[in-house]
Amino acid sequence: MGILGLSKLIADLAPQAIRESEIKNFFGRKVAIDASMCLYQFLIAVRSEGAQLATVNGDPTSHLMGMFYRTIRLLDNGIKPVYVFDGKPPDLKSGELAKRAERREEAEKALKAATEAGDDAEIEKFNRRLVRVTKEHAREAKELLKLMGVPYVEAPCEAEAQCAALVKAGKVYATATEDMDALTFGSTKLLRYLTYSEARKMPVKEFSYEKLLDGLGVNNREFIDLCILLGCDYCESIKGIGPKRAIELINNYRDIETILDNLDTSKYTVPENWNYKIARELFIEPEVANADAIELKWTEPDEEGLVKFLCGDRQFNEDRVRSGAKKLLKSKQSQTQVRLDSFFKTLPSTPSATNAAKRKAEEAKKSANNKKAKTSGGGGGGRGRRPK
């Protein structure tokens, strides 16, 4: 679910925190990607990119197709992705998971009715709602990434929290996900729409954590309380409080405890046994693997391994898989060259340093020409050429 209404609130009150960019502008960046979010996008995608969407046994392959071709696209644009997979959800998320199960049951009933009515649009809509990422989807995706030479991380708990930890540790530049709670976990940069297909023509939206805090007039602790008021996965929110009222309350009272002390309970209903304090702690101290101990390595692809894994029962086109493997190898080699070039890059010159360098070059040139003039003439009284 993420954080309800946060994206619009930032756009309204802190627009300077959002920047739209083309994918090519992230050349050379390492990015931690929410793998489950990607797999979900790929599973509901209507169009394939030339591969079959199911095996001979009817098992879906759109998640593998999407992972393969979108990852190649990222690498083609000079981006170094690392995929982060969800672990066990925190106990506090059980309420949200129960609600999702209820919505799934409702979608199944609605799908049955739409099928009986022959309503294709409704059938497609409810089929999408029934899509979920399984452990088998994740296992296959990890195997594919390993063959592609792309690193992945298995989070002990929430993938967004682990992504944020990698960003804060300086291992990667940003978190790429559609869930805004990556910001609540403290990711200094959030990228939305990075893994969307080129056909959708969606610019990448980059959110700056520092700028949004400044624009909203809050610190990181107050921002977490704001997100809890807006509505998160870990606890209920106060009924009747929307985004505008939530930011007003945070700006006036600075934390949920003081808000509750001053809240008109005849107007707003506070959830019984509200676990906002535990939710707050989950955002402040999430269960994550030590980011400093995680080593990220991008290696050369295993072309034959990819062909064996994707072709055959999974029915991917072998020529396209081999072509993709060659693109992976090419991007790996070009990224190595970029790193070598950047190693020798000099610092930007200041105006005074630039002028001094010019003077030194001119003096050296003049000295060389003078020396040449003295030695270039014939014997005796020959004259040298005038320095240019």
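Yeah, the Cβs are placed from backbone N, Cα and C, and that goes for glycine too.
Feature annotations, reproduced from Swiss-Prot:
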REGION    1-104  region 'N-domain'
BINDING   ASP34, ASP86, GLU158, GLU160  Mg(2+) 1 binding site
BINDING   ARG47, ARG70, GLU158, GLY231, ASP233  DNA binding site
REGION    122-253  region 'I-domain'
BINDING   ASP179, ASP181, ASP233  Mg(2+) 2 binding site
REGION    336-344  region 'Interaction with PCNA'
REGION    343-388  region 'Disordered'
Other C-beta atoms that fall within 10 angstroms of the C-beta of ASP34 (Mg(2+) 1 binding site): 25
Separation of alpha carbons, GLU158 (Mg(2+) 1 binding site) and ASP233 (DNA binding site) (Å): 11
Within the predicted model, mean pLDDT of the region 'I-domain' (122-253): 95
From binding-site residues ASP86, GLU158, GLU160, the one whose Cα lies nearest ASP181 (Mg(2+) 2 binding site): GLU160
Residues of the region 'I-domain' (122-253) by DSSP state, where helix covers H, G and I: 69 helix, 16 strand, 47 coil
Cα-nearest neighbour of ASP86 (Mg(2+) 1 binding site) within the listed binding-site residues, ARG70, ASP179, GLY231: ASP179
Additional residues surrounding Mg(2+) 1, by Cβ distance to the ASP34, ASP86, GLU158, GLU160 centre under 8 Å: SER36, MET37, VAL84, ALA155, ALA159, ALA161, GLN162, CYS163, THR177, ASP179, ALA182
Neighbourhood of GLU158 (Mg(2+) 1 binding site), C-beta criterion under 8 angstroms, separation at least six: ASP86, GLY87, PRO89, PRO90, PHE185, PRO286, GLU287
